[in-house]
Amino acid sequence: MSLSVKHLLGIRELTRQDIELIFTTADQFKEVLQRPIKKVPTLRDTTIVNVFFENSTRTRISFELAEKRLGADVVNFSASGSSVSKGETLIDTVNNILSMKVDMVVMRHSATGAPHFLSKHINVPIVNAGDGINEHPTQALLDAFSIRERLGSVEGKKIAICGDIMHSRVALSNIYCLKKLGAEVTVVGPPTLIPKHIAQALDVNVSYNIREALEWADVANVLRIQLERQNMPLFSSLREYSLAYGVNRKLLDSLKKDIVIMHPGPINRGVELSSDVADSGQSIILDQVENGVATRMAVLYLLGRNEKEPATAK
Ligand code: CP
């Protein structure tokens, strides 16, 4: 089986079969990662460049590890310290890198649609590692993979996505992914941080009451307030936000059941999530990070294999 896409630009473009293929492939890579020798040479002779125009800890390290575990040659590019500061365009930057015989590009950019734009100008597969407030597809894949691992499946599960929905690419990719896999989704947060027509546009429930949403949910995916993407903060103070929407032990203890806690990182401890919850047995935050490597190995392997197979085999 092959993916239906040449690039991973967003979850929106994937089929449910694509997502399930990524998961069964990631299952196999997760087994490899438990072995003493954690490498498989499936992308030997492939060179991958990680092009990051925005800061990252988890995504960048996770992609680099995934690439190295697959035996690829890896090059890392950061916009800071590069000739971007001298006015070089995105297309010139990437075309110069590609002329050095690179086979795949992983890109993070602050502009919505940057990887989609680039995909029309270059011939090698592109993986979107986060574009502005649009999508972060590999985060959604590793999140859904982690829910499947903890709860046995995603189908029929109730997922609350909590916090700054308006500026979060993680929220949008999660909604696409979870809905395609048959989950029910509620977005919960202050009205100023939830897009107005999201219920109709994306077939999700909307709540402005965190306790009610968590009482309903099997899983809470708690998001950071993306202050760097807001011209003016849309909540009057972080302390006020934390009092109204922070997920803490007192709130969880008031629920009638235990729910699974997720967070894509980085966590603003004491704002959207308290430390006693983040570090508790209910939290699968570090499982998410661990699963990021196997999930990204699956994406890179499947896109790389697509490239090597003749068109008739797809
Ligand atoms: N989850 C996530 O995208 O984290 P980084 O910004 O550290 O990559």
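One-based numbering along the chain as shown.
Here the Cβ of each residue, glycine as well, is placed from N, Cα and C on the backbone.
Copied over from TrEMBL:
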| type | residues | note |
| --- | --- | --- |
| DOMAIN | 6-149 | domain 'Aspartate/ornithine carbamoyltransferase carbamoyl-P binding' |
| BINDING | ARG58, THR59, ARG108, HIS136, GLN139, GLY265, PRO266 | carbamoyl phosphate binding site |
| BINDING | LYS86, ARG169, ARG224 | L-aspartate binding site |
| DOMAIN | 155-303 | domain 'Aspartate/ornithine carbamoyltransferase Asp/Orn-binding' |
Of all the binding-site residues given, namely LYS86, ARG169, ARG224, which is spatially nearest to ARG108 (carbamoyl phosphate binding site) at the Cα level?
-> ARG169
Note the mean pLDDT of the domain 'Aspartate/ornithine carbamoyltransferase Asp/Orn-binding' (155-303), expressed as a whole number.
-> 95
Output: those binding-site residues from ARG58, THR59, ARG224, GLY265 whose CB lies less than 6 Å from an atom of ligand 1, in sequence order; none if no residue fits.
-> ARG58, THR59, GLY265
Taking DSSP states H, G and I as helix and E and B as strand, how many residues of the domain 'Aspartate/ornithine carbamoyltransferase Asp/Orn-binding' (155-303) are helix, strand and coil?
-> 66 helix, 24 strand, 59 coil
A correct count of other C-beta atoms within 10 Å of the C-beta of ARG169 (L-aspartate binding site) gives 23
Here are some binding-site residues: GLY265, PRO266. Which one has the most Cβ atoms within 10 Å of its Cβ?
-> GLY265
Additional residues around carbamoyl phosphate, ordered along the sequence, whose Cβ is within 8 Å of the centroid of ARG58, THR59, ARG108, HIS136, GLN139, GLY265, PRO266 = SER56, THR57, ALA129, GLY130, VAL170, PRO264
Candidates LYS86, ARG169, ARG224 (binding-site residues); nearest Cα to THR59 (carbamoyl phosphate binding site) turns out to be ARG169
For GLN139 (carbamoyl phosphate binding site), write down the residues of its own chain that are at least 6 apart in sequence and whose Cβ falls under 8 Å from its Cβ; none is a fine answer.
-> THR59, GLY130, ARG169, VAL170, SER173, ASN174, PRO264, GLY292
Do you know offhand how many angstrom separate HIS136 (carbamoyl phosphate binding site) and ARG224 (L-aspartate binding site) by C-alpha?
-> 14
Since the record lists ARG58, ARG108, HIS136, ARG224 as binding-site residues, which of them has the fewest other Cβ atoms within 10 Å of its Cβ?
-> ARG58
Across all protein chains shown, the one of the binding-site residues THR59, LYS86 with the most other Cβ atoms within 10 Å of its Cβ is THR59
Of the binding-site residues ARG58, GLY265, PRO266, the one whose Cα sits nearest to the Cα of LYS86 (L-aspartate binding site) is ARG58
Extent of the carbamoyl phosphate binding site in Å [max Cα distance among ARG58, THR59, ARG108, HIS136, GLN139, GLY265, PRO266] | 16
Out of ARG58, GLY265, PRO266, give those binding-site residues positioned within 10 angstroms of ARG224 (L-aspartate binding site), comparing C-alpha atoms, in sequence order.
-> GLY265, PRO266
